[in-house]
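Novice: So Swiss-Prot lists these for the protein:
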type: BINDING; residues: Cys87, His90, Cys158; note: Zn(2+) binding site
Amino acid sequence: MSQSDQPDSSVTQAQAEEAVRTLLRWAGEDPAREGLLDTPRRVAEAYGDWFSGYREEPRAYLERTFEEVAGYDELIVLRDISYESHCEHHMAPIIGKVHVGYLPRGKVVGISKLARVVESYARRFQVQEKMTAQIAQCIQDVLQPRGVGVVVEGAHECMTTRGIHKRGVSMVTSKMLGSFREDARTRAEFLQFIEVGGKR
């Protein structure tokens, strides 16, 4: 985890709660009102959950691998991994799905570990394009497969609840590495497996 990804440990829970009270006053509310008395604490605790990815090292989830997989060297795909993130521009939710595929080179990881990598990157302030690349590069760096493909679908509430107010819009991003980028057949097989936006 880079230094810039580390949470600022000098900021206390009390300071976080006071920041919420400031926002409530700025919005025109009274933080001392009965219904809002516990809101600062609840918001601070929610942020601790939503952004727990800053306290994790995604690569660590992939360190335990299975090298005896009966010679399996074909495509492995985990699709429809649900995630919840927040955009770094408006701090608004991004909700969607991630599809991950890789061609192993002797190392296979437990499927739950791929989902944990997704969660670790999603539970941070994000830009969808960056998150897509981070997930793919993490898998490539640790497992060193012949190729990696990652496709991310996301509904951005910064677009649906503010600004242009367009509901039902989904953003799709992809990152292809190794054989997924160089071999059109491998890429096509992966995309057929996940069938983004299509019927299954």
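Backbone N, Cα and C define each Cβ position, glycine as well.
A quick note: this is a predicted structure, and the numbers were derived from the prediction, not measured.
Can you tell me where each of these features sits in this structure?
Specialist: In the three-state DSSP classification, Cys158 (Zn(2+) binding site) falls within a helix. With a cut-off of 8 Å between CB atoms and residues at least 6 apart in sequence, the same chain places Cys87, His89, His90, Ala92 near Cys158 (Zn(2+) binding site), listed in sequence order.
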Novice: Let me make sure I understand the structure: which of the binding-site residues listed (Cys87, His90) has the fewest other Cβ atoms within 10 A of its Cβ?
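Specialist: If we count Cβ atoms within 10 Å for the binding-site residues Cys87, His90, the smallest count is at His90.
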Novice: Kindly assign Cys87 (Zn(2+) binding site) to one of the three DSSP-derived states: helix, strand or coil.
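Specialist: Note: Cys87 (Zn(2+) binding site) is in a strand by DSSP.
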Novice: If the Zn(2+) site is taken as the center of the Cβ atoms of Cys87, His90, Cys158, which further residues of that chain fall within 8 Å of it by their Cβ?
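Specialist: Residues close to the Zn(2+) site, other than Cys87, His90, Cys158: His86, Glu88, His89, Met91, Ala92, Ile94, His156, Glu157, Met159, Arg162.
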